[in-house]
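According to Swiss-Prot, the protein carries these features:
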DOMAIN    2-118  domain 'MTTase N-terminal'
BINDING   Cys11, Cys47, Cys81  [4Fe-4S] cluster 1 binding site
DOMAIN    136-368  domain 'Radical SAM core'
BINDING   Cys150, Cys154, Cys157  [4Fe-4S] cluster 2 binding site
DOMAIN    369-430  domain 'TRAM'
Amino acid sequence: MAKIFTISLGCSKNLTDTEEMLGILNHKKHYLVADESEADTILINTCAFIKPAREEADREIKRASKLKAQGKIEKLIVAGCLTQKEGKSLPSKYPLVDAFIGLKGIEKIDNVIKRPKHSFCPAPDYIKAPDFKLQLTAPHSAYLKVADGCNNRCAYCTIPAIRGPFRSKSMEDIVAEAKAMEKNGVKEISLIAQDTTAYGQDIFGKPSLVKLLKKLVKIKGIEWFRIMYAYPETVTKDLLDFIACEPKICRYLDMPLQHISAPVLKAMNRRSTEDEVRAKIKLIRQIVPGMSLRTNFIAGFPGETAEDFEKLKKFIAEAKFNNVGVFAYSKEDGTPAAVMKRQVAEKIKKQRVEELVSAQSRVIDSINRKLKGKTVKVLLDNLFCGRSESDSPDIDGRVEVKGNKKYKAGDFVKVKITSAKGYNRTGKII
């Protein structure tokens, strides 16, 4: 059997694909090694969403190809979104790769390892619970993919072309996955998809995330469910009402907005207008006081004027988001935005990213001043550090704890905040 070292690139949705492949390989009795020097096979699961992701994949493939050329590994397999996006152009670019497999190849990874063969297929038009899964996150926190693909057509985005149409898992499959996670000691589940709040649209004819959540919160051992990748259009009053009354749903919402200026939103082909976005944020905070909001913004979208940018910067200051990710616009071939006129210069994009990050830093400083002396519930990731409801794994802040003598990773504790700087807070267990 192969000795396999795995490299998983990209987002949490990609990570769940890696977990599925490793679950299959583990079931088939392959050896999964944590030290690359012990491997005879390297499996790279790639991301291709934007240029920096493709550049990272390129570096890893070339590095692994060098190891193969030196005789340090026998096989090199490349999976995921890069294969799905660029397909048959890849073998000539990376001749030492034994097999490129797209998203449909995940289920056949055992056969690919044994008998390497390229597999270029359209994106799947279905989604089901994985037969096997090997969790790669901390034992107490896991990602659960409730849907895949996307029916939105944002002008800058390649995801629909890579991942295919939006399709939801059955509720029965999701609940079964969550129960299996509970059995393995998971305390926190982050629900993920390309468009999580649209869950069930394809099955029931309307978004049905609340219906799913009502089933999930009955699972006794899971204390936190976290909603990631929400679209403002499908963040409904019913969903907010349920979050407000159900303690197992984190008062946290990851809702990428991308911009606020009306001309830019229209050019992006976003479904919500400026007024609708502002109204939705107001509604969220009315129904769920204290809700932590995370969002993403794109700086330097084609046609973004200085006036558009200043409006976005002012919006960040006004909206007071708890967490903000800022990205320079990435020109993606095949998207409407790639051929738009008035492309913004790279130098200006970089400057605008820096200004938005600075604007958000000032917001965080004001939020932090109000945190001192407050008591928050924290899920410990290790003996000295954990996360509050406001902190998603890997991408948000953390809470450093003092006075921990009897608690372990996976325990929930109450922490009194004593200081805060940036996205990191410090407190004492009480």
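We number each residue from 1, going along the chain as drawn.
Placement of Cβ uses the backbone N, Cα and C atoms for every residue, glycine included.
All protein chains included, Cys11 ([4Fe-4S] cluster 1 binding site) registers 19 other Cβ atoms within 10 Å of its own Cβ. Sorting the domain 'MTTase N-terminal' (2-118) by DSSP state (H, G, I as helix; E, B as strand; all else coil) yields 63 helix, 23 strand, 31 coil.
In terms of local Cβ density within 10 Å, Cys81 ranks first among the binding-site residues Cys47, Cys81, Cys150, Cys154.
Separating the Cα atoms of Cys154 ([4Fe-4S] cluster 2 binding site) and Cys47 ([4Fe-4S] cluster 1 binding site) is a whole-number distance of 19 Å. Around the Cβ of Cys157 ([4Fe-4S] cluster 2 binding site), the same chain contributes Cys150, Glu332, Thr335, each under 8 angstroms and 6 or more positions distant in sequence.
Mean model confidence of the domain 'Radical SAM core' (136-368) amounts to 97 (pLDDT, 0 to 100 scale). Those residues of the chain, other than Cys11, Cys47, Cys81, with a C-beta within 8 angstroms of the mean position of the [4Fe-4S] cluster 1 site C-beta atoms are Leu9, Gly10, Lys13, Asn14, Thr46, Ala48, Phe49, Ala53, Gly80.
Other residues of the chain with a Cβ within 8 Å of the Cβ centroid of Cys150, Cys154, Cys157, the [4Fe-4S] cluster 2 site, are Asn152, Arg153, Tyr156, Thr158, Ile159, Pro160, Gln194.
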